[in-house]
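Remarks on the structure that follows.
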Amino acid sequence: MKTDTPSLETPQAARLRRRQLIRQLLERDKTPLAILFMAAVVGTLVGLAAVAFDKGVAWLQNQRMGALVHTADNYPLLLTVAFLCSAVLAMFGYFLVRKYAPEAGGSGIPEIEGALEDQRPVRWWRVLPVKFFGGLGTLGGGMVLGREGPTVQIGGNIGRMVLDIFRLKGDEARHTLLATGAAAGLAAAFNAPLAGILFIIEEMRPQFRYTLISIKAVFIGVIMSTIMYRIFNHEVALIDVGKLSDAPLNTLWLYLILGIIFGIFGPIFNKWVLGMQDLLHRVHGGNITKWILMGGAIGGLCGLLGFVAPATSGGGFNLIPIATAGNFSMGMLVFIFVARVITTLLCFSSGAPGGIFAPMLALGTVLGTAFGMVAVELFPQYHLEAGTFAIAGMGALLAASIRAPLTGIILVLEMTDNYQLILPMIITGLGATLLAQFTGGKPLYSAILARTLAKQEAEQLARSKAASASENT
């Protein structure tokens, strides 16, 4: 009997181990309902905030244009009013950011990435009003900025706000709701739910903790924010470019060349953004008055351009359908591209509350259209359509700059409803991303976050030195 005991205990121990393993697997798959419910709340609030922000920007732009109509008979007065209206709105946005919440300046996406890494604080009680109303000022003034930056940062901060209000505990809940809000913000900004999900998974892949809980929460938040957007807006593509023709297989090599062009330009564009940040910082030197006046001058310039050359100002959504339809000459496309590169650098690098997604989409469209027009002339036997290159190029600069090709491809497809162009878009985006990686340089948001963290560390070191010096005295 004694010799049989070990043989009987071994199967029992094995069964216990199997039961324990199965129990662990089942428990790991149990998603706390509280987090999923909070994700739905976050998505709903983010969607409503994004709709309010979008409507507010549109209202301000209409009011600004209405003021110009009353001075149409007096050209010098018209230019003066165009400059002053945009300058005042821009200065309002710069003032709010500099005075009350410096972390609300710029895109805001690097701030969310830093918060997901526990390296940046989330002060939602001050960021939410400053980013919302400051963004209304800068975007309503016609500056070359996108609304996705504000909605992503607003979304992330709403996620943290809900966490604090309902007093949810745990690092996983904090991280999940922060990511959910950011994804919901991008989805609501562009009416692109799948792009919002991919944005978190791809662009924020170093920071996003991919778990069953987090991905379910992100899905729920994105669904709710998109529903809120579509309740108040039409359920159609955000940018109406019509149905374009497909790209024949024997023309796909042209899209690879287009991707190579963007792969060269993307890292250069990133260096220009960072260089312009340094230049403008030397101009204002951290002085709040100089910074606000500089912002007013940039905003006023965009206001003038909005009247003289409308295609060179604003986020660029109105420009994209016109360029895709081939309504610009080659010379005009070159002028628009150069002008918008300059205005994008000035507006975004100055620290104005606003994103860079939309301006980069517009730049990619213009450059893609120009390339398409050249290809049409050089290869008439292919019966090409320049608009297909415009759509392919639309997300290519985004892919080369922030190194998120999937997000760029899906975002453009959802915004334009031209899914038949997915293959040329993949080729263009992949070519742009690979070459951008080979040429070196960090993705834009990563580079901006690294600068922010370096500045934060320097400020903390300076405060500690000052504190130690005061103790010694």
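Residue numbers in this text run from 1 along the chain shown.
Note that Cβ sites are derived from N, Cα and C of the backbone, with glycine treated the same way.
Each of Gln20 and Gly315 belongs to a differently named topological domain in Swiss-Prot, hence to opposite sides of the membrane. Here Swiss-Prot has Ser107, Ile356, Phe357 binding chloride, and the candidate from Tyr210, Tyr229, Tyr255, Tyr445 in that same listed site is Tyr445. Sequence-ordered, the extra residues of this chain that approach the chloride site, with Cβ no more than 8 Å from the Cβ center of Ser107, Ile356, Phe357, Tyr445, are Ile109, Gly146, Glu148, Gly149, Phe348, Gly355, Met360, Ile402, Leu444. Here the Cβ of Phe357 (chloride binding site) has 29 other Cβ atoms within 10 Å, regardless of which shown protein chain they belong to. In terms of C-beta pairs under 8 Å, the stretch of 109-116, 177-189, 193-201, 417-421 lying closest in packing to the intramembrane segment (387-401) is 417-421. Annotated pair Glu203 (site 'Mediates proton transfer from the protein to the inner aqueous phase') and Ser107 (chloride binding site), C-alpha to C-alpha distance, rounded: 14 Å.
Under 8 Å from some Cβ of the transmembrane segment (288-309) lie the Cβ atoms of residues 64, 68, 78-79, 82-91, 93-95, 98-99, 138, 141-144, 280, 335-336, 339, 343, 346-347, 350-352, all in the same chain and six or more residues away from its ends.
Of all residue pairs in the chloride-binding list (Ser107, Ile356, Phe357, Tyr445), the one with the greatest Cα separation is 11 Å apart. Cβ neighbour count for Glu203 (site 'Mediates proton transfer from the protein to the inner aqueous phase') (all protein chains, 10 Å cutoff from its Cβ): 25.
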